[in-house]
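See structure below.
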């Protein structure tokens with residue numbers, strides 16, 4: 001579907017952001033993100049596009065001239081959250097002349113014209129495949145004085161060929177692919193984001209290098225199924241390569257200044273030993289693996305079209321722990337999939353007990369229109385789902401605490417975060433992530449080289465363990481100031497210029513050089 005397609009010769013398409021038309025201040029914007037890490041990264045691209053078009057980020061507490069929602073469609077409450085928020089904004093918009101509201105992302109791709117039917121005060125609706133159209137659509141909506149809805153069925157531009165304004169001075173997302181070739185019966189994502197298309201390795205590494213050149217020390221490689229990377233390169237000159245992801249991980253190990261590399265999410269059916277070997281043998285690959293289980297019942301896995309069974313899943317974990325003994329393993333689990341029996345659920349509990357996950361993202365199944373599972377007749381009653389969910393949560397919480405107790409007395413290295421703890425102001429603590437991804441709240445006293453900033457690196461001794469975090473109150477053992485910390489202190493975040501090839505386009509030249517190092521950077 002392509003509703004109201006763009007026309008390059010449309011007089012509204014070339015208008016700048018409204019605030020600049022008569023010498024007034026630039027219009028302000030805010031991007032609100034619902035959903036997964038892929039959406040967070042897409043929102044960085046949206047921010048980059050808007051700033052390139054002349055918008056500026058709204059100040060905290062200010063009412064922006066433009067609000068962009070980047071939405072999720074995975075669970076039912078995502079719909080409710082969006083439309084509830086849009087309802088609250090109706091009066092705000094009426095009291096703020098010229099304000100615009102745009103809705104994009106997976107829910108917009110799914111609902112299309114339904115968005116403006118439910119919320120007629122929305123100005124622009126765009127999908128997952130045409131985020132580059134947003135500035136044009138905003139100008140056209142103002143020019144035509146009506147909502148502009150543009151949803152396209154295939155990717156117009158690979159997101160990496162768009163500019164990005166990053167959210168963090170010290171950690172960055174880098175997409176390795178878009179789309180997914182799996183057909184899980186509960187998941188709507190493939191129908192919204194399309195078939196998998198993989199970036200060239202050189203383009204990915206160029207983007208990683210651009211981030212590192214600006215002080216970023218941790219990068220997370222993103223894809224709907226990262227370990228399938230290499231099955232369908234967007235560059236037709238590159239041949240299919242089943243070992244491409246392990247090669248990419250090893251190449252990241254050669255980037256000087258890149259201290260931590262993570263990736264998400266893999267798929268158990270395609271997770272291979274060469275990736276585990278690359279993790280074990282590449283020092284900057286973090287000892288952390290997110291491996292979605294979804295269910296411990298082989299019967300349910302078959303109904304989900306998850307092309308692995310519990311024995312294979314546990315065998316992967318065994319191999320990871322044999323080669324990376326200190327690895328932290330996290331997972332996703334769905335409770336109450338249609339037809340799930342008590343026996344099926346018990347199988348999930350059994351796998352969770354054996355797997356000893358560091359943490360688990362547990363979800364109560366919610367039917368998504370357009371997915372096969374939504375039409376299954378044997379939906380599990382809500383009350384039963386809730387009871388099972390609570391049992392699973394109790395089991396996983398016990399395991400989390402037992403595993404975290406093992407860290408008491410150990411020394412861990414932390415990349416200091418901005419925020420991270422709801423009680424940090426009251427407890428006078430700061431927060432950071434260990435190399436294995438565990439969240440640690442620490443007291444910033446001891447061996448400190450000036451103020452500790454987000455992006456700096458500290459080592460601490462763990463003194464207490466809770467189910468979902470560790471505490472280190474014995475003081476800081478070492479503190480290393482970093483360029484990322486320098487940038488955090490002055491509110492500077494990286495920007496990345498367009499990198500790589502567009503879809504079906506020939507190769508382009510070298511990426512635009514990264515911005516120069518700020519004068520106050522320590523260079524370490």
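From the backbone N, Cα and C atoms, a Cβ is placed for every residue, glycine too.
The compositional bias 'Basic and acidic residues' annotation in Swiss-Prot covers 1-12. What Swiss-Prot records for 27-143 is domain 'MTTase N-terminal'. Sequence annotations record features per position, and here Swiss-Prot assigns [4Fe-4S] cluster 1 binding site to 36, 72, 106 based on sequence analysis. The feature domain 'Radical SAM core' is assigned by Swiss-Prot to 166-402, with sequence analysis given as support. As annotated by Swiss-Prot, [4Fe-4S] cluster 2 binding site applies to 180, 184, 187, with the evidence given as sequence analysis. What Swiss-Prot records for 405-476 is domain 'TRAM', and it gives sequence analysis as the kind of evidence.
Overlay of Swiss-Prot feature records on the structure.
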residue : record                          : Cβ contacts under 8 Å, 6 or more apart
36      : [4Fe-4S] cluster 1 binding site : 72, 74
106     : [4Fe-4S] cluster 1 binding site : 35, 39, 71, 72, 73, 74, 128, 188, 189, 192, 193
180     : [4Fe-4S] cluster 2 binding site : 189, 190, 193, 195, 196, 224, 225
184     : [4Fe-4S] cluster 2 binding site : 294, 304, 305, 306
187     : [4Fe-4S] cluster 2 binding site : 74, 368, 371
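Confidence for the domain 'TRAM' (405-476), expressed as mean pLDDT, is 95. Residue 72 ([4Fe-4S] cluster 1 binding site) is surrounded by 22 other CB atoms, counting those within 10 A of its CB over all protein chains shown. Same-chain neighbours of the [4Fe-4S] cluster 2 site beyond 180, 184, 187, judged by a C-beta within 8 angstroms of the site's C-beta center, are, in sequence order, 182, 183, 186, 188, 189, 190, 224. Counting residue by residue with DSSP, the domain 'MTTase N-terminal' (27-143) contains 59 helix, 23 strand, 35 coil. Under DSSP, the residues of the domain 'TRAM' (405-476) split into helix, strand and coil as follows: 5 helix, 27 strand, 40 coil. Sitting within 8 Å of the Cβ centre of 36, 72, 106, and not among those site residues for [4Fe-4S] cluster 1, are the Cβ atoms of 34, 35, 38, 39, 71, 73, 74, 78, 105, 107, 189.
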